[in-house]
Amino acid sequence: MSITTQLHDIQATLPEHVSLVAVSKTKPVSDLMEAYDAGQRIFGENKIQEMCDKFEDMPKDILWHMIGHVQRNKVKYMAPFVNLIHGVDNFKLLKEINKQAKANERTINCLLQIKIAEENSKFGMSLDAASEILQRDDFSEFKHIQITGVMGMATFTDNTNQVENEFNALQTAFNQLKALQPENKAFKTISMGMSGDYKLAINCGSTMVRVGSSIFGERNYNA
Ligand SMILES: *Cc1c(COP(=O)(O)O)cnc(C)c1O
């Protein structure tokens, strides 16, 4: 099936309140352009350099989402254009994003990445650590970032019960963090669900799914 068909098939199953991030990491610009021509405007990448290269080559009405782990020293490269950073999991990173956003006279949207998976390989912070950040005095001085929600990745497993529990934990974390900042009307995104589990994620409250291989096909990391 073509990228256009797969994209449209997925879009057709999504409720209106759920947005679709087309995860295009490792894929060539020609594949992204096919999705773009089919109407897709949100693209997710997990490497800053690759996202910057694609940004240069592609139409400027695209919303670029950084979905991977972010190294502090590379924030400056994406700060001029990135629309949403999903993987914010520590205070120092947030501080650097604020600094680089300010230098570009922008506000950058961020999601707090919460660790919901049992496996230790996944990035993210505890709910307590996220709560603490939101309540710091110096956090309130960050005028160039906007925290728009949370992001999480479930364990890679066939055990649907476990994945469901982890998704529910992210929904709970979202509710608790929201309660800490009633004035933040922008806090409404729960980024969870990938090709294998996005339908379950939506049933558990996801408002943003990150789908790669079901749109673009399997990735070949050796290419
Ligand atoms: C690669 C990736 C995805 C998409 O994975 P698929 O299984 O191809 O849909 C989603 N989220 C993150 C953080 C990723 O790194």
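The first residue you see is number 1, and the count goes up from there.
A Cβ is built for glycine as well, from the same backbone N, Cα and C atoms used for every other residue.
Remember, TrEMBL labels are computer predictions, not curated facts.
Look at TrEMBL and you will find 5-219 tagged as domain 'Alanine racemase N-terminal'.
Neighbour list (Lys25 (N6-(pyridoxal phosphate)lysine), Cβ cut-off 8 Å, at least 6 residues apart, same chain): Gly44, Glu45, Asn46, Lys47, Glu50, Gly68, Gly212, Arg219. Sequence annotations record features per position, and here TrEMBL assigns N6-(pyridoxal phosphate)lysine to Lys25.
For the domain 'Alanine racemase N-terminal' (5-219), the model's pLDDT averages out at 96.
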